[in-house]
Amino acid sequence: MKHSPLIASACLALVLMSSSLIGSTEARNKKKYVGETGGDFEFIDEINKNTQSNKNLGEHKRWIHDPSSDLCRPLNCKKREICLLEDEFSAVCVSKKELHKNRDEIITKAKYLEEEAKRRVNQQDNQDSQDAEDINNDDEDNSSDGGSSNSSPTGTNNAQASVQGNEETDDEDKSLSLGDDDESKEDDVFYENSIAAGDKQQQQQQLSQPAAGPSVIQQDDDEELDNCKPCPVAKPTFLCGADNRTYSSLCRLDYHNCIHSTSIRIACKGFCPCKEIVDGKRLQRISGYNNKYNKKISLDQQQQQQQQQQQQQQQQQAYKDSNNNNIMMNSGNIMGGNNNDFNTIMNDKEDNNRHNNHINAQYTFTPEEIKYDNKHYKYLKYTAYKKDSKYQEDKHKMRNYNEVVEKQQQKFNKNSNLNAYPSKSAECKPQQLTAIGNRLLDWFSVIMADSKKRRQHSQKSKAHFPPACKTEAKWMFGHLDLNNDGQLSLQEMYDLEHDQNERCIKPFIDTCDLDTDSSINTREWCRCFEKTDRPCAAVRRRIAGDFAGAYAPDCDIQGFYKPTQCHNSVGVCWCVDKHGVEFANTRTRGKPNCESVVNNAASLTSDDEDEGADDEDSAEGSADQMLVF
């Protein structure tokens, strides 16, 4: 018994030791929390980002693509960005990579407008159905109120009168409230047409009727609502009404007319506005502009005709005056004064012709100097003049040529025959006229070949030429005959006659006009060039006799130069084109192979025309000077 306290203390110590061991083992066996990331560091920002990204995966933003929008013009988007519209009023530069990454939806502006139109039509349909339900609910409330008033017990006569007065006021308030509801409904449905005069009178009569009539009005409203049948759910076929509003189907249009007591008809199929109406208005505007333009043109033509008539009268008067002067010269009266008057009359005539040529001119004929196979020619380039040009009225001054000042005065010999009419070619000798005819024929052939090489197809002349007419003359006649009437007028020959480098062209052309009617027909034109020669034949005719040791060109049947030309006395040969222009580095003793040289020159000239590089020191044409060795 003495050892009992010791035993108790030992037991207590054992119990404490065992409990401590058990606690340590439990602490060792307890698992450590590693978290969602497997024991790694956790960041709150990353978790939030992951959650936000998971939420955004299900949402795809819609963008509107409209390259022609005015909102995108001030934005300077980068190369890898594109301008898109968030809505109708805001534009943003969006990265293409982000669009692909987020899988955003991009729609066109037309699709967006179509969806908006469908949404508005659906809203309008829902509003119509809601209006019909509201009207039905109001009618049910009115009928319930009327039934309760009729079933209420009646007392004295005063009480009945007061009840009837209250019913009248209630009915008036209800009718007014119904009228207000109808007006608000009309605004919600975008109903723009005004109420017909008959409907207004009916409403006023209904409001002015005594209290005994509400039951009749309610019955009429119920009958109208029963007649307005709602539309079933079906695939929409959009229609544009006469009120410029879009309806989803014909049933919706009828339902709208039934509710609002209107008679709106179908304007066209599809969304409003109708294209036919827009096109019709556009055609009306265009027709109005055309009418104004035609009136202006007719006035201008009338003024031009009046001016032409006045000029013709002036020309006829000038001819009469010239004839009178000739008679006076024949009688021997005041010889010197008559000569001066005749010169002034001729100058006035040429000035009037020049002015007449430029009144109705639709083109200006600008001389352009070109080179063809080492030879200079003048080619008439047709260019349209500008309407607002300050030189429009006096276009002949643009050529720096004043015919009145530079033209020499014609001097008549006192001993000459007074009965003879002064010749138009008095300033040029017959030899000069023959030479200018040969040069013109050679020039016509060059222009014809150049136009064929350039593949410029001129209009075929409908005029009839004599059988013996030369090809160059026929081609040039069709080239100058702009209106294709078979006659060359003063206007069409103006630039050809008034060449400042060739003063004998106009006298030569004047000799062609045999009937002196100020125009040249095909017969006169061909006869004028009948006695002219082509370049080689012209040189041989000019040489006249065969001098000892003189060079005589070798011509073909048509009168052009043969490719190979030889000087027999010297023993030298060279190659030329058909106009007599010598090819460089071809002069040799013996006969060279001129056909290959001509073919190579033709290909080179076509390349030179494309590059615009020509030799400025080339020799002139064969008809301009005689070859002397």
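Sequential numbering from 1, following the chain as shown.
Placement of Cβ uses the backbone N, Cα and C atoms for every residue, glycine included.
Worth saying up front: this structure is predicted, and the values here are computed from it rather than measured.
Annotated Ca(2+) binding site per Swiss-Prot: ASP481, ASN483, ASP485, GLN487, GLU492, in sequence order, evidence recorded as sequence analysis. Reduced to three states, the DSSP call for ASP481 (Ca(2+) binding site) is coil.
Under the heading compositional bias 'Low complexity', Swiss-Prot lists 144-159 (among others).
Among the features that Swiss-Prot reports, compositional bias 'Low complexity' is placed at 301-340 (among others).
The feature compositional bias 'Low complexity' is assigned by Swiss-Prot to 620-629 (among others).
The disulfide bond annotation in Swiss-Prot covers CYS228-CYS258 (among others) and rests on sequence analysis. Within its own chain, CYS228 (disulfide bond) has ALA132, TYR255, CYS258, ILE259 as residues 6 or more apart in sequence whose C-beta sits under 8 angstroms from its own. Following the DSSP three-state reduction, the secondary structure of CYS228 (disulfide bond) is coil.
What Swiss-Prot lists as disulfide bond is CYS231-CYS251 (among others). Spatially close to CYS231 (disulfide bond) yet at least six residues away along the chain are ASP125, SER249, CYS251, ARG252, TYR255, judged by Cβ distances under 8 angstroms.
The disulfide bond annotation in Swiss-Prot covers CYS240-CYS272 (among others) and rests on sequence analysis. Of all Cβ atoms in the shown protein chains, 17 besides its own fall within 10 Å of the Cβ of CYS272 (disulfide bond).
Sequence annotations record features per position, and here Swiss-Prot assigns disulfide bond to CYS536-CYS555 (among others) based on sequence analysis. For CYS555 (disulfide bond), the same-chain residues lying six or more positions away in sequence with a CB closer than 8 A to its CB are ARG534, CYS536, ALA537, ARG540, TYR561, LYS562.
Annotated disulfide bond per Swiss-Prot: CYS566-CYS573 (among others), in sequence order, evidence recorded as sequence analysis. Neighbour density for CYS566 (disulfide bond): within 10 A of its CB lie 18 other CB atoms from the protein chains shown. DSSP gives CYS566 (disulfide bond) a strand state.
Taken from Swiss-Prot, the feature disulfide bond applies to CYS575-CYS594 (among others), supported by sequence analysis. The Cβ of CYS594 (disulfide bond) has 20 neighbouring Cβ atoms from other residues within 10 Å, across all protein chains displayed.
As annotated by Swiss-Prot, domain 'Kazal-like' applies to 222-273, with the evidence given as sequence analysis.
Annotation comment: Swiss-Prot describes 468-503 as domain 'EF-hand 1', evidence class sequence analysis.
Sequence annotations record features per position, and here Swiss-Prot assigns domain 'Thyroglobulin type-1' to 533-594.
Taken from Swiss-Prot, the feature N-linked glycosylation site covers ASN142 (among others).
For ASN244 (among others), the entry in Swiss-Prot reads N-linked glycosylation site. DSSP assigns ASN244 (N-linked glycosylation site) to coil, not to a helix or a strand.
Per Swiss-Prot, the feature region 'Disordered' maps to 118-186 (among others).
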Spatial neighbours of CYS575 (disulfide bond) among the recorded positions ASN244, CYS272, ASP481, GLN487, defined as Cα within 10 A: which are they?
none
If you count the other Cβ atoms within 10 Å of each Cβ, which of the disulfide-bonded residues CYS240, CYS536 comes out on top?
CYS536
Quick check on the disulfide-bonded residues CYS251, CYS258, CYS573, CYS575: which one has the highest count of other Cβ atoms within 10 Å of its Cβ?
CYS575
Round to the nearest Å and give the CA-to-CA distance linking CYS272 (disulfide bond) with ASN483 (Ca(2+) binding site).
51
Quick one, of the recorded positions ASN244, ASN483, GLN487, which Cβ has the fewest other Cβ within 10 Å?
ASN483
Can you tell me how the residues of the domain 'EF-hand 1' (468-503) break down into helix, strand and coil by DSSP?
14 helix, 2 strand, 20 coil
In angstrom units, rounded to an integer, how far apart are the Cα atoms of CYS566 (disulfide bond) and CYS594 (disulfide bond)?
12
Specify the nearest of the recorded positions CYS240, ASN244, CYS573, CYS594 to GLN487 (Ca(2+) binding site), where nearness means the distance between Cα atoms.
CYS594
